[in-house]
Amino acid sequence: MMDMDQDPRKRLCFADGRRKVDYVLVYHYRKRSSVRGSPSQHRLSIISNGSYPLGVEEKDQEGRKDEPAEVVVDVGPPDPADGEKIMIREEFEGNLKDAGLEIEHDKENKAHGHAFIRLHAPWQVLSREAEFLKIKVPTKKLREEKGLAATMNEVWRKLNQPFQPKVPHQENLGNSRMSHCYFWPFCRYNIKSKDTFFDNATRSRIVSLYCFAHESALFFCLTGITTLIANGVYDSAFPLHDVSFFFFLLHDEWARYGAFYKYQPVDLIRKYFGEKIGLYFAWLGVYTQLLIPASVVGIIVFFYGWATVETNIPSQEMCDEDQNFTMCPLCDRACDYWHLSTACGTARASHLFDNPATVFFAIFMSLWAAMFLEHWKRRQISLNYSWDLTGMEEEEVHSHTYIVTLCYSLLTSVCLDSCTGHEKLTWRDRLPGYLINISSILFMFGVTCSAVFSVIIYRITISALMAMSSDPEVKSNVRVTVTATAVIINLVVILILDEIYGMVAAWLTELEIPKTETNFEERLILKAFLLKFMNAYAPIFYVAFFKGRFAGRPGDYVYVFNDYRMEECAPGGCLIELCIQLSIIMLGKQLIQNNVFEIGIPKLKKLCRTLKDKERAPKEIVEQPGRRQQWHLDYDLEPFDGLTPEYMEMIIQFGFVSLFVASFPLAPLFALLNNVIEIRLDAKKFVTELRRPDAIRAKDIGIWYNILSGLGKFSVIINAFVISFTSDFIPRLVYQYMYSETGTMHGFINHTLSYFNVSNFKPGTVPSISSLGKDITFCRYKDYREPPWSTEPYQFSKQYWSVLAARLGFVILFQNLVITMSMLVAWVIPDVPKNISEKLKKEKTLLVDVFLNEEKEKLQLIQSLFSRDLTQEQQEELKVSDQTSLPLQQTQPGQLPPTSSPAPRTRPRAASFSQFTRQMSMSPRSDITQHTAV
């Protein structure tokens, strides 16, 4: 990314080597052939082209005023769009110059290529905008903590020292400095070093504000750089990477896989990339840290199941060949009767995840989600205080779609608010977008359900075909093969639809015409989340709550297309299949989408862009090596597309960790391992693979917190239903305490299996060939139904209704218990940390002291001025009294002596305060008493 043949500091400056490049605009030009000559040639170009010549390049400050003008002659077919773009660029750059920015252009020395425009904000612009933006600077140190709290903090700091990044002078970066300093609004006076007072992130943010707000005289409306880029006037706009000490520090201590065990330098990230990106990585760090206790508990639960599998009575009964449970065929005609003991491996594996510890883990993870949200709120408030974000007002920027629609409305004179004079869009402009949004989202939901149904058909047909095979080995591996291949197909479909849904969500959001960029981002996030959530979890929801529940019973099965039976759960239950489905989809998405795509796709895009530029570049012009500046190097990087994809990955992962954690206790562990790599992967991508994003101020993570909170509450309901209806936890409790004669689990398997008379099979569904003999009268199937000899054969038994009532009761009890405990956790943990609240109180006290000191200084100054005026008046009175002894004839009527008129009183700057509306008293004593009342 760097060219070591040149000083890095010069690559960040104008040609003079002094003025910093704060922002870069890039556009693609197509140079026309040019000649130099007399005005007659100018007229010739006008006549031959049929248009006026484009503006001549501005003269440098050093001279070149006597050089002949360059006349542009079009040798190819004219493109009116190019001329219009040039006019828009000239107007846009002219407005930037009028605002006080300084601009430096590239020389267009090729037939066509990319031209770079460098922007520099002088001190006058920076100081003016800093006052408008209410940027605060540290002015006074607070007293550091003392006592037991300070000692404990010091001990904890020493214990954490090996895990801290080696960031020298941490007090100049963030928390240490800002936690012991008092902030005061920026003032342009008494600044020692104007060149280094504002960091590069602040400078680029100030310049970008000018670029995002531009009043266009051509379109009669407010446009910005985003609209200009979308219309092809510019290719891109970005700040430069600051290849200085901070850049290399981020690379070595953050964007390196060897630093995976260290904390992130969040303050340095915020200083370089801005608050919005800093908050994302701070949130990701908090989430990853809190995954550690969840992973530990999940491992304990898993090992508990592994340790108790040998003593689990239901598993022993299923593996006992002496029980001789003859099960009904799994398919019609081709499938034979089978013994339950052949599913011993499935039963033992199911106990690893379906055991009493799973209920505890589900409750723990629900409380963990509440603690995570509360901990992040505290961390966010701490960062708001440390980064001076308290009381910050959001910077509202009009969205590109709103500006385009508004400009079109203004050009067609459709809508103008006659009362206020402000432009606005009516409901007629937004109604088509809303209708298309609703219908498209419903259609996408239908596409997702269709994909899930297609995989179900695949499972059913492949199971039937493999069951007809004459190879006994193929028959024995039907369930494993079908389950594994179906999950892989589901994963591929999910990955493909994820990319499609991302583009569809962006298109639908543009149709809604959101007014501001914040509204645009929130609506885009909401649509993308709904579509991707449905896409990722639809197969899992099917296995958890629908598979096997509508298959029917022997003799009365439900068929698809009149030929294929609906699939049933495995003998060990659907929970083991849910675990397999969840683990493969979760690990596959993390491995392929989050890591391989993030590494491979940017490199492929960069390669394609490079090849495209080489094809467009003229072959006869070869760029001299060693002349590439920093803006050339940054332009070769991948553009920054926002934080929505990064957040979306983690939110979907949070759903895997919290929603179905009762079926896969190892989910937090795999999420932790992924996030350790994800943090460094994202860091490396931001530092070395992406252009530097605009430094955007933000005081929270926005709508993502609401989505997390909703997922946390939804996870309580999902886990309650998974434990109640998917696992066998409730049937075991019901049997042990209601139907077991010994109060143990002995006989549980026999209790859950119903009888079916094989003579009641429909014609054509009986197994054609049976290896178990022809003396089979009854077969067993898993359900709570009356036996064939009952008065109501094959109807739901009393045990079924008892288990159903217990399941519904457990759902209600679990939800209320966990939600109550979550609310208790949220109430116990305060949102504002104690040290932050104490510092805020100290700041308020200091603020009052500063105001009182200022008032005291003002009063002293005013008092000194009054005393000086009084002494002058007394001296004048003495002079007048001495002159009264002179004859009165010396003074003309209506004319005063020249010495009797006092000089006009000068109004000092320190005494002119518009906020004081009271009438100034001539008595210093009374003035003091009035001020002390404030």
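Cβ atoms here come from the backbone N, Cα and C positions, even for glycine.
These figures come from a predicted structure and were not determined experimentally.
In TrEMBL this protein carries:
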{"type": "COMPBIAS", "residues": "883-894", "note": "compositional bias 'Low complexity'"}
{"type": "COMPBIAS", "residues": "902-912", "note": "compositional bias 'Low complexity'"}
{"type": "COMPBIAS", "residues": "913-934", "note": "compositional bias 'Polar residues'"}
{"type": "DOMAIN", "residues": "13-266", "note": "domain 'Anoctamin dimerisation'"}
{"type": "REGION", "residues": "876-934", "note": "region 'Disordered'"}
{"type": "TRANSMEM", "residues": "280-306", "note": "transmembrane segment"}
{"type": "TRANSMEM", "residues": "357-373", "note": "transmembrane segment"}
{"type": "TRANSMEM", "residues": "434-460", "note": "transmembrane segment"}
{"type": "TRANSMEM", "residues": "480-508", "note": "transmembrane segment"}
{"type": "TRANSMEM", "residues": "529-546", "note": "transmembrane segment"}
{"type": "TRANSMEM", "residues": "650-673", "note": "transmembrane segment"}
{"type": "TRANSMEM", "residues": "701-725", "note": "transmembrane segment"}
{"type": "TRANSMEM", "residues": "804-829", "note": "transmembrane segment"}
Top partner of the transmembrane segment (701-725) among 357-373, 434-460, 480-508, 650-673 - counted as Cβ pairs under 8 Å: 650-673
Intrachain neighbours beyond the transmembrane segment (280-306), with Cβ under 8 angstroms and 6 or more residues off its ends: 263-264, 266, 269, 351-355, 357-358, 360-361, 364-365, 368, 371-372, 375-376, 379-380, 383, 643, 646-647, 650, 654, 657, 661, 665-669, 671-672, 675-676, 678-679, 682-683, 701, 704
Stretch with greatest number of CB pairs under 8 Å, the transmembrane segment (434-460) reference, 357-373, 480-508, 529-546, 650-673 candidates: 480-508
Cβ contacts under 8 Å made by the transmembrane segment (650-673) with residues that lie 6+ beyond its boundaries: 284, 287-288, 291-292, 294-295, 297-299, 301-302, 353, 358-359, 361-362, 365-366, 369, 529, 532-533, 536-537, 540, 544, 575, 578-579, 582-583, 585-587, 589-590, 704, 707-708, 711-712, 714-715, 718-719, 722-723, 726-727
Mean predicted confidence [pLDDT] for the domain 'Anoctamin dimerisation' (13-266): 69
